[in-house]
Amino acid sequence: MKSFATTVLLVTPGIYAAALSGRQGQAINSSCKVIPGDTAWPSRQIWSQLNDTLDGRLIQSTPQAAVCRPGGYGSISENGTECTTLKEDWDYAKAFLDSAVEIMNPWYQNTSCSPFYRVDQPCTLGNYVSYAIPVSGPEDVVTAINFTQTHNVRLVIKNTGHDYLGKSTGTGGLSLWTHNLQSKQIVNYTSPAYSGPAIKVGAGVTGGEALLHASQFGYRLVSGDCSTVGYAGGYSSGGGHSLLNSVHGMAADNVLEWEVVTADGRHLVASATQNSDLYWALSGGGAGNLAVVLSMTAKVHPDGLVGAATLSFNATSSPSNTSYISAINAWWTFLPTLIDAGASPSFNIYTNNFLIYNTTAPGKSAQDMSTLYAPYLSTLSSLSIPYTFQTYTAPSFLQHYNATDGPLPYGPYVASQLFNSRMIPRSLSSSPSNLTTAILSSVATDAPGIWQLGCLGINVNSTRISHPDNAVAPHWRTAMAVCLEFSLYDWAIPEEEMVARRQHLADVIHPAIVKVTPGSGAYLNEADPLVYPVGEDGWKDAFYGANYERLRGLKREWDPERVFYAYTAPGSEEWVSDAEGRLCRV
């Protein structure tokens, strides 16, 4: 893949002038963060002084898709060959991971410098940050906090750019880019709360990188299906679902301590025994809102055999659509049997197809999987539904992971998606018919786009998973699955059509699933801001449940000056973005 690296440079007059085009000298409300063109926006000299403080490491935003735009942008020139290569790679995380400013969500990339839309127009920053600091240690964080507080500039924290709620970018922002914090170490951790093997990783380490490192020492760890997600970033802090949840709990349940810099510039450790309220909040309450994470220490677990299974059937081969619906209902009823046995099935439901593309069962064999699935396969046979079922035994979790979510380091998953999440309460297993009806109608073939419900079966109930007191939303503890209402983003389709599909998700698909899952919630890292606008209250219960008010109180305590902001984080309702992207106090 062609590398499109962001350039380390000082502010140049040409770029500065482009940023101000049409808006120079604009006065704003003092309650708003400044953006380029405002009278209070820091001068070139001030940015140059910041660059000197950082020994020349300040990065000026240069969108990589500038190669597709007339005139390019900054140090990047228009280049048709490089544009073609970039478009081929655009759907995959590897195109974004080494950029200080790029994000993977199509909505927050906006169309200001897209390689697909409005390519006849000049490249502008739009929602991208203006500058970034490649964090090398706590001093860089303190420098950024002081600068943004002094000059009223928005502060942003970015790790890998896996961000579907826009928390890691923002118009006119100065970004703390934690990608270069790449340390990895297996340690013998000792504390009153836990003694045993653990891994300490820098904030820039991805889940796949952490897993590879742990496996060299005979361990596995709780990381995400997508290997390029930051292990110590929003993933673990947001809860973190995994193929290993039903055995080892949520990612946040495994965190032992956080090394952070707080809003007032203190460099400290938060654990179950020191700064325990901050530890509680960071472990499940979301990232980017209370402190900047430099490193995380988490449990690792002895590796071993992993039983696996796949299963598929479809409505076309079923005796009738009624039989297919009965099979889906029976699946929901059977699911608790699997997850109670420590298995986590990854499955997709379509209008006419059902697919379990992976079942992860640590400590089990292929024969165990056949035995475990036997009751459900018997149900399919009684319904005269033909199916394809396969099992295997992997000698280690790493080999199983590579076979299902690999190959590492990048894996198979695309970055450009439309989705929103919902947890399926275990209580529905006894009467799932309304759930099945809602799912099949939501993913119907006459809906705009190709939709599916993609789910992971889990059991992280506190009665079977030992975990520290943390801010993981209570909805997780009573769920039997976390699901995505999901469709791929199609860049070949006109922009207006993709906007309409997104609106369909917000107006039709998600409300239908919510209606049949009352009292449940959503994964705070996998949601669409159109579904959860910050000006409404639905996200508070969906993402945090009963923990919200305590988290809001800790925001006031640990960040009284509101140094940090993250969309739909506790306290974020105090802010709103205006029409030009300024972040303003309500």
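Counting begins at 1 with the first residue displayed.
Every residue, even glycine, has its Cβ placed from backbone N, Cα and C.
Straight from Swiss-Prot, the features:
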{"type": "SIGNAL", "residues": "1-17", "note": "signal peptide"}
{"type": "CARBOHYD", "residues": "ASN29", "note": "N-linked glycosylation site"}
{"type": "CARBOHYD", "residues": "ASN51", "note": "N-linked glycosylation site"}
{"type": "CARBOHYD", "residues": "ASN79", "note": "N-linked glycosylation site"}
{"type": "CARBOHYD", "residues": "ASN110", "note": "N-linked glycosylation site"}
{"type": "DOMAIN", "residues": "124-303", "note": "domain 'FAD-binding PCMH-type'"}
{"type": "CARBOHYD", "residues": "ASN146", "note": "N-linked glycosylation site"}
{"type": "CARBOHYD", "residues": "ASN188", "note": "N-linked glycosylation site"}
{"type": "CARBOHYD", "residues": "ASN314", "note": "N-linked glycosylation site"}
{"type": "CARBOHYD", "residues": "ASN321", "note": "N-linked glycosylation site"}
{"type": "CARBOHYD", "residues": "ASN358", "note": "N-linked glycosylation site"}
{"type": "CARBOHYD", "residues": "ASN402", "note": "N-linked glycosylation site"}
{"type": "CARBOHYD", "residues": "ASN434", "note": "N-linked glycosylation site"}
{"type": "CARBOHYD", "residues": "ASN461", "note": "N-linked glycosylation site"}
Using Cα positions only, nearest of the glycosylation sites to ASN51 (N-linked glycosylation site) (ASN188, ASN321, ASN434, ASN461): ASN188
CB within-chain contacts under 8 A for ASN146 (N-linked glycosylation site), separation at least 6: GLY265
Cβ neighbours of ASN434 (N-linked glycosylation site) where a neighbour is any other Cβ within 10 Å: 13
Lowest local Cβ density among ASN79, ASN110, which the record lists as glycosylation sites, within 10 Å: ASN79
Proximal residue to ASN188 (N-linked glycosylation site) among glycosylation sites ASN79, ASN110, ASN321, ASN434, ASN461 (C-alpha distance): ASN461
Glycosylation sites listed as ASN188, ASN314, ASN321, ASN402, least Cβ neighbours within 10 Å: ASN188
Spatial separation of ASN461 (N-linked glycosylation site) from ASN110 (N-linked glycosylation site) - C-alpha basis, Å: 39
ASN321 (N-linked glycosylation site) in three-state DSSP notation: helix
Cα-nearest neighbour of ASN314 (N-linked glycosylation site) within the listed glycosylation sites, ASN402, ASN434, ASN461: ASN434
When distances run from the Cα of ASN321 (N-linked glycosylation site) to each of the glycosylation sites ASN79, ASN358, ASN402, ASN434, ASN461, the nearest one: ASN434
Fewest Cβ neighbours within 10 Å, where candidates are the glycosylation sites ASN51, ASN358, ASN461: ASN461
Cα separation, ASN358 (N-linked glycosylation site) to ASN402 (N-linked glycosylation site) (Å, whole number): 12
Assigned element (helix, strand, coil) containing ASN434 (N-linked glycosylation site), judged by DSSP: helix
Helix, strand or coil at ASN461 (N-linked glycosylation site) [DSSP, three-state]: coil
Secondary structure of ASN146 (N-linked glycosylation site) (DSSP, helix/strand/coil): helix
Rounded mean pLDDT for the residues that make up the domain 'FAD-binding PCMH-type' (124-303): 98
